[in-house]
Structures are given as structure tokens and as C-alpha cells.
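A.B. asks: These came from TrEMBL, pasted as-is:
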{"type": "BINDING", "residues": "A:C446, A:C449, A:C464, A:C467", "note": "Zn(2+) 2 binding site"}
{"type": "COMPBIAS", "residues": "A:1-14", "note": "compositional bias 'Low complexity'"}
{"type": "COMPBIAS", "residues": "A:180-190", "note": "compositional bias 'Pro residues'"}
{"type": "COMPBIAS", "residues": "A:665-675", "note": "compositional bias 'Basic and acidic residues'"}
{"type": "DOMAIN", "residues": "A:64-169", "note": "domain 'Primosomal protein N' 3' DNA-binding'"}
{"type": "REGION", "residues": "A:1-23", "note": "region 'Disordered'"}
{"type": "REGION", "residues": "A:175-196", "note": "region 'Disordered'"}
{"type": "REGION", "residues": "A:654-675", "note": "region 'Disordered'"}
Amino acid sequence: MSSENGRSGAGEPPEAAERGGEQLAFIRETVRKAKVPRAKPRTWRGAALAGSLPVARVLVDKGPVHLDQLWEYAVPAELDAAAQPGTRVRVRFGAGARNVREGRREGGGLLDGYIVERVAEAEYRGPLAALAQVLSPEPVLTPALYELCRSVADRYAGSLADVLQLAVPPRHARIEAEPSPEPLSPPARPGPGTWSRYPTGPAFLDAVSRGDSPRAVWTALPGPHWPQELARAAGTALAAERGALLVLPDGRAAARVDAELTALLGEGRHVLLTADLGPEERYRRWLAVSRGSVRVVVGTRAAMFAPVRALGLVAIWDDGDGSHSAQNAPHPHAREVLMSRAAHEKAAFLLGGFGCTVEAAQLVNTGWALPLAADRDRVRATAPMIRTVGDGDEARDEAARAARLPTLAWQTAREALKHGPVLVQVPRRGYVPRLACERCREPARCTTCVGPLEALEGDGGLRCGWCGRGQPEWHCAECGGRRLRARIVGAGRTAEELGRAFPSVPVRTSGRDHILDRVPDRPALIVSTPGAEPVAEGGYAAALLLDGWALLGFPDLRADEEALRRWLDAAALVRSQAEGGTVVIVAEPTLRPVQALVRWDPAGHAVRELADRAELGFPPVSRMAAVSGPPEAVAQFLAAAELPADAEVLGPVPMSVTAPGRPRRPGEAPPGERWDRALLRVRPGRGGALASALKTAQAARLAGRDGEPVSLRIDPLNIG
DNA sequence: AGCACGCCGACT
DNA sequence: GTCGGCGTGCTC
């Protein structure tokens, strides 16, 4: 028993009786063959262990991918009470820890971790080190949160520690010492309100109220009601003593829903959780949720892991917005995280927006969720009138020409300005679409390497996105044309030109740097980049959606869907057709997303896109992953990885070069580096196998010394 | 990732 | 003999 080589029955757990009196017996004798028998672990001589469940399974925070597993530690008696599952602990880890255990000297790094569970017996067949310290009695990593993080890490081929960093905010001892407020009693159930505009809306709320877990893809009617509707759904869950979690794409949207929740529930029953609260306030509110003081959370993607008790409803608004993807590895998407939570925590699921992503259409298509939409008649009555102008139409009116506006857009604006504010949406400058020949629309390619051309900022000419060569002598390879389509004119210059065209009307801009929240119900021109449109108090009298070709020309699989989403989000701020609301879109009228806007049929558009993707084998009908890095690293990785049998490898191909001074966009190599990217594709249902193979290969790469690691991305956003 | 162990050559 | 190079492998 006490001899170093005494136990050879590996795999055979010791009898419980055998463990009873002998406190050291559960520490398995080492199976490592030692030349000289080592002394018994001295740390344990006389050190009392926890009476029951003396083994803690610990997740070590941070560290390389191949440490992504649980490690077992002995629980000393004095830490027994504090070392509860979910608490933050410190443990010795590494070779130095062995020294301590064997009584040689101090050593081994102290690492932070979480106790995931307490068990009676260790699986590890070797001597256990002891927990060094319990940092705080707060059980922050609940079993449900652990399981969620585990499944997210697996799905995204990331490490648990990385996901945990997104899910559990850093500790602040002073905040932890504060008591959280007493939970308020549940409110009365609110009525359906404007949910009754949707045939199945009230039934969805009834199901939430009953404790069921309905799932809906909600195509919201245009107009200002959606924040109230989200709040009402959360209030319905809360009235049934269920928690609710609402995830919005940005702080502005979250604040609107927060205000509606306050109006509906009063103060103290919900919290707003966003990343920009600052670490202390964020932890204070997170703790209030974790402790069950508050059961309704509204926030940005920073809230998607919020440990809401008895979760009854998860909701995501505008899931096509790119900010729903976490910026940090492994980049989980809020929609996927909330789907996982709905399934595992038996909560209702509500995915809403003015647009409809292909992923949402897929949820309906597979029967995972049901559509929740208004009747066509009501959609027509609620939406503004949409008119199109082909982008080739020349402006004949002199004033219109001065403002670069087609005549119809100019006339519409002039008329609408008599009745209220007019929104003008212009694509962001620097939003560089794939350049094309003005005459034949053939994409412009590098004369040397056939890479796509980019327009440099300002008037800097043309450059190849792959090899970086300047292209002063470019001409179209198809038709010999020498002109490219006009560049985007930014919001600033558009505002100046509109100011000259409408001298008596105030012009305001809303964009990345200065986002306007709301504008009053007075005649004004509001020039905005997509996503920054202010809400107009009484709805806009009209909207002009300019330079549609720029949104549509973006070299991405989702360009059409994204363009339609941007247009719908702007057009939804415009008064209904009955109130005179008009939208003019400047884009080729025969294009599918333009037609979908005219008919206000986002779901139909998504269904057709989905069919195309199925035909081409693109996501979400297949599952994809991107592997990028230095060319040799990508090649070695692909050669070494044991990919699932049906995995298809596309590429590798060179990634675009990041222009100096421009922020790096996804799909681009770091400045000054040449990177390759390969796409991997598997059938639906095989995404888990692909992720697991990639994780294994990446772990081997990190463990081995050869070569740099590659960058992995599951569900890459920009392909095409 | 660290860190120790270990098996090789050059040295006081 | 023993000091130290870094090539493998383990860390509960």
C-alpha cells in the first residue's frame, strides 16, 4: 500500500472501505517507474483532507489548448467548506508543483482556476496536489454555465478557458463583498400588446407563460414597436417566474429595450449588461444575476452567457448584424449560444429582426423553430412605399445633379421634407466593394496576378489586394474599358452636397464617430451610414438609400442578404405607406434583394438564398471552417490534421493584403504578412467532427515545436 | 506554456 | 570526472 510500486492494478478503483481510515489511500501511488523509490508525498503526512468528496476537479484558466481538460486536486480539510463547485481557486501547476508535493522546495506556478465539481475519487492514477487557495466563496461557474461553455468551446474548436473568459467577468473583491438587492416579487403578466398584430404572437406568449419552450423566427413589422414587444415577452416570462435574456446588436438598441423594460417592470427587476459599463459595474450587475437577485437581462453580446436563473426565454434581435459574433477567440455567435441555451436550459427562443438571415430561414426549414410573422395585408399596410431607380439613370434636374441624386430621389426628398425628416443612407467610405468595369461590370483584376483590385483611400489610385502592385495602366480584360465604377462618396460630402441642394433645410449626419440617437419630428435631412440611423420621433417622411451597388458589390457570400438587411433596417424607420412614407432605393431594380425590399419580403428572400446555398454546398447548409496563417503553416496543418472522411478542402489561396494604415478587416492577412487561407467544408451534422479534428490538430501543433500555430475560425463570416 | 530530466560533447 | 547544450515529455 505504502510502497511506491505497490499498486499495479491500473484502472481498478480502490474499494471504498479501503479508503475509509487511511486518508492518504485515495492518492494513487504513482505509476511512473522510479529508479529509486521516492519518499511518500510529504505534503500529506498528517494533513487532513476533506471528509467527503475530497477530490476537486479543477478547470485551469488560461494556458495552451492542450491543457484544456480538468485536473484533479486534493481538497484539504480547512478548504472543505469554501471549496464549493463553481468557486475560483488557485492551484500549483507544472513540474514545480511536484517539488512542493514531494517536500523538496517551493516551486510551480500558481494558476487560477475554477472548481467544476467535487467527487469522491480521482480518475487520475497518480498522487494529487492540494488546492492552494480558494479565492472567493462565490460560485461563479455554475454547472449550467460550465456545460454551456464546454459545448461552445467544442462547437468552435476553441479552448474552454477562452470561452470562460467571455462568460465569467473578472473578479472584484470589493464588489463581491457588497450584498445584492433582495429579489422583487414577480410582476403581473402583461397583456400581448402589439404582439396581437401577429397571428401566432399571443400563442407564443401563452406558451412562455405556461413554462413551455416555443421557438420562433420573428419577422418584425416595420416601425418602432419591437423594443416594447421584446420587453413584453421578457415580462411574460418573468411573470411566470422564469428568467429572460435579450441580446441586442449594439448598446443603442439595448438601451431602447432597457427603457421599455423599465416602463413595463419598473426598476430592480432587470439589468442592462454591456461591455462598456466598466469592469466593476459589470461585475456588480453580473453578480446580481448570478445570485438570482435579478432574472431579466438585456444587453449586447457581452450578455449572452449571463447566468440567468431558471431561464425561460432567450431572444436575439437582428442576428445578421456582425457584432453578434464575439471579437475574441473562438468567436462564438450570440445566435448559436442562445440556441444552445434554449435547448439545454429548456427556454423559449425568439429570433427577431426586420430582415431574415439564411441561418434563421434554416431554423424554420429544419423545423427547429416556427415562423412568427404578420399577414401580408398587415405588412403592406405597415411598410412604406418602396420605389426603385436604376443606378444608370442620369439626373436631369440641375439641382438633383448637384446633389448626385437621381430625379426621383430628389423629388421624393423635396416633397417629403414638407412633412418631416428625411433619412439618407450612404454606404461608409472605406467600405470598399469589389471594383468592376463601368462598361461591362466585369470585376477588375490585377494585370499581373489576377487578384482583386482595391481603390485606395482618398484619390490614391488602384492597387491589387493580393500582390499590392499599383495599377496605373489598368484596363478591362473583357471589353478594354478604362473606367471603373464610381467610388463611394462618404456621408460628409453627401451632406455638403445635399445642403447646397436644399439650402433651407438643416442637414445632420450620423456615422461611426457621431451617432445620433433620435431626431425630432421636423423637416431635416439626416445623412447616415448603415447601422447608425437615428430613430425619428414620428417616423421619417421618406428615406433615400443611395449607392446600393456598393453594398451589393461586396465580395462576400452574404452581400445580398446584408444589403437587404441594411435597407430594411433603414426603411423600417419610415412612416407607413398610408401615412405617406416613401423609400427610394438607388439600385438595379431587377436584382433579387432589391425586389425583396420592394415587396417587403425578407423571409422569402432568405428562403431563396438558402436554396442557392444548398445547391452550392455553402453554409449554413454545409458547415465550414477557415484555416489561415503563413502558407507553410497552413499547408503543414492541413497535411497533419486527420479531418473527417467527408471533409472537403478548398484552397489554400492567398488572403488579401491589409493596406498600411487601414484597420485590418476579417479575411485579411496581418499588415506586411502574406497569409494563405483554406476553407474546410463538411455535410451538415458533421460540424462537430470537423471542429474536434481541428482542435486536435491545433493542440498537436502547439505541443510540438515545429511551425507557428494557425488561426482557426468555425463559421467564417466572410467567404466568397 | 514552463520546467525538469536526460543523454550527448568540451572543460576546469 | 562534471558542467551544460537543448531535445522529449509531463504537469492533477
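Keep in mind that glycine also has a Cβ here, set from the backbone N, Cα and C atoms.
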A.B. asks: Restricting attention to the domain 'Primosomal protein N' 3' DNA-binding' (A:64-169), give the mean pLDDT.
C.D. replies: 86
A.B. asks: By the count of other Cβ atoms within 10 Å, pick out the sparsest of the binding-site residues A:C446, A:C464.
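C.D. replies: Relative to the other binding-site residues in A:C446, A:C464, A:C446 has the fewest Cβ atoms within 10 Å.
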A.B. asks: Specify the secondary structure state of A:C464 (Zn(2+) 2 binding site) as given by DSSP, simplified to three classes.
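C.D. replies: DSSP call for A:C464 (Zn(2+) 2 binding site): strand.
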A.B. asks: Where DSSP helix means H, G or I and strand means E or B, what are the helix, strand and coil counts for the domain 'Primosomal protein N' 3' DNA-binding' (A:64-169)?
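C.D. replies: Its residues fall into 34 helix, 30 strand, 42 coil.
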